[in-house]
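Visitor: Dropping a structure here in structure tokens format, bear with me for questions.
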Amino acid sequence: MTEKTKTLRSDPILSRRSFDETESRIAFASHPVHAMMVAFPISAAFGTFGADLLYWATGDVFWARAALWAIGSGFIFGVLAGMVGTVELLSVPGIRVRAASWTHFILAMTLLSVLGGNWGLRLGDPVGAILPYGVMLSALCVLMTGLTGWHGGKLVFDYQIGTQRGSDQD
Ligand code: HEM
């Protein structure tokens, strides 16, 4: 194979060293902070849907208040986790260069919008907002959280994003 054919056949992305630089830059004792933080919005989104269903089933306003706190904390922790994820995305070359990272970003932004909308809807009237729109938004939050979380896992397990893929360590 001539030198020219070799150049033409080489993958332009794989030939860039930065492609393998996927190691997290926002990490605590080498554990990515984003991965630690996402547990909070994920559990809050599922908790909100559960509290809405329990309010629907029992009519107990305790569940309406629980749902208000759950969705509010889910939104706030989701934004914080998203800020950390965005810094990773923009600052780590091997994360920035992959289309899959941007797909995760778009899914996450959609999720954060739905979480924020669901919280905003309840602020004036936490009890009256649940049926029917609150519970419907909560179901959408669960769906979007599942999609975003599954895709985040794909980044880590399929693409080794946030891991020490390109380092000398075994
Ligand atoms: C808003 C912008 C976001 C960006 C740019 C982003 C970016 C990333 C990146 C780069 C990773 C790879 C691991 C790392 O480097 O830390 C990741 C993993 C992950 N993300 Fe996000 N993320 C965002 C928001 C979210 C949100 C709101 C959720 C909540 C569902 C989420 C769920 C996950 C999960 C579950 C993982 C896999 C963690 C693991 O298994 O170790 N992300 N994300």
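Cβ coordinates are placed from backbone N, Cα and C, and glycine is handled just like the others.
Not my notes, these are from TrEMBL:
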| type | residues | note |
| --- | --- | --- |
| DOMAIN | 31-164 | domain 'DUF2231' |
| TRANSMEM | 35-56 | transmembrane segment |
| TRANSMEM | 68-90 | transmembrane segment |
| TRANSMEM | 102-121 | transmembrane segment |
| TRANSMEM | 127-150 | transmembrane segment |
Visitor: State the non-local partners of the transmembrane segment (68-90) in its own chain: residues 6+ outside its ends, Cβ under 8 Å from one of its Cβ atoms.
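Guide: That would be 24-26, 32-34, 37-38, 40-41, 44-45, 47-48, 51, 96, 101-102, 104-105, 108-109, 111-112, 115-116, 118-119, 122-123, 126, 138, 141, 162.
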Visitor: May I have the DSSP-based helix, strand and coil counts for the residues of the domain 'DUF2231' (31-164)?
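Guide: Taking the domain 'DUF2231' (31-164) as a whole: 113 helix, 3 strand, 18 coil.
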